[in-house]
Amino acid sequence: MVDRARKPSALASTPGLPPQPQVAFSSDNSRVTATLPTGESVSVLLYGATVVSWKDKNGDEKLWLSEAAKLDGSKPVRGGIPLVFPVFGTAPDHAQTKELPQHGFARSSRWEFLGKSTSESTPTPTTPAFAATATSAAGAVAAAAADMSVKLDFGLSSSGLSEDARAKWPYAFNAIYSVTLNTDSLATNLVVTNDDERSWECQVLMHTYLKVDDITSVSIHGLENATYVDKTTTPISTTTQSTPTLTISSEIDRVYTPAGDSPASVPITVWSQDKPKYTILRDNLSNVVVWNPWIEKAQGMADFEPKDGYKNMLCVEPGAVSTWQVLEPGDAFEGAQTIVLGGKT
């Protein structure tokens, strides 16, 4: 045998492809779940395109979901992130939406799963991720996997509505809802297009139920000097947040408009036990609804369980609800939120 002077290097030293995010359907095709190689996961019901679970790499749940929530499509889900469109609450004085049920039909319609996409930010020699792992091929693969994200897209159009919903809101539209899971954040993005020959008006809100350890140890930052509508008063009143932080010690149901020339750009941070737990970033959603039913309201809701669950949840809901969004034929409205774990902005 001739001994070659230049042998190829061993294949074992060649870096492999990083692990890929996994997407799976439930056995009844009612739910899609995406899991990152690092362990983070998100689950979305096709009914309402409702996010019902978001877990970090340790399996710790970040969203509150009622133990009595209906997940079979019989009624909107209590918990997670229900999607509100085309009306916030009810609007008996608004001609186009007055016949619609509370929070519209998006959260009670079955959405179509349009597919997934993934992205990967490859570490470079100047990044800490590369420096910490560049000593081995396995380390480089792990660093790449840690920077991955997965996006799930869902669609709903006027042709996919129930006959009842179409009768109550007879306007042509197309909606794309994207849920993007990253290692330290969850983003939800809605794009609604007017496919009708008439203009129509709408409101949009992402009804996010955040899970907290103890509501009495929670404070909300970013609402100082914001005006808000207090829906717990009779009559409903409008005032201004005067304190630097907001704490919860009773029922709260407020529609905030953060202060400043660009209210949608103000980050809202939820602190728990003197540490930042969630930071909510908004895009084109100028309002923030803060809601907790507290003792009496929780007792009166059949699908709210356990009844003392108000101690472990807080709704911080980005939306565009203080005014109506007018869409002319062919126009589109886009709004998004990103929930970042901790105090990152």
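Here the Cβ of each residue, glycine as well, is placed from N, Cα and C on the backbone.
All TrEMBL annotations are machine predictions without curation.
Annotated features in TrEMBL:
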- His207: active site (ACT_SITE)
- Glu317: active site (ACT_SITE)
- Arg78, Gln102, Arg107: substrate binding site (BINDING)
- 1-25: region 'Disordered' (REGION)
Next on the checklist: I want the residues beyond Arg78, Gln102, Arg107 whose C-beta is within 8 angstroms of the mean position of the substrate site's C-beta atoms, in chain order.
Outcome noted: Lys75, Pro76, Val77, Pro82, Val84, His103, Ser108, His207
Checklist entry - Based on Cα coordinates, which of the following recorded positions are within 10 Å of Glu317 (active site): Arg78, Gln102, Arg107, His207? => result His207
Item to check | Nearest-integer angstrom distance between the alpha carbons (Cα) of Arg78 (substrate binding site) and His207 (active site) | outcome: 10
Checklist entry - Sequence gap of 6 or more, C-beta under 8 Å: which same-chain residues meet both conditions with respect to His207 (active site)? => result Ile81, Pro82, Leu83, Val84, His103, Arg107, Val289, Cys315, Glu317
Checklist entry - What span in Å does the substrate site cover, taken as the longest CA to CA distance among Arg78, Gln102, Arg107? => result 13
Next on the checklist: Just to verify: the residue among Arg78, Gln102, Arg107, Glu317 with the fewest other Cβ atoms within 10 Å, which of the recorded positions is it?
Outcome noted: Gln102
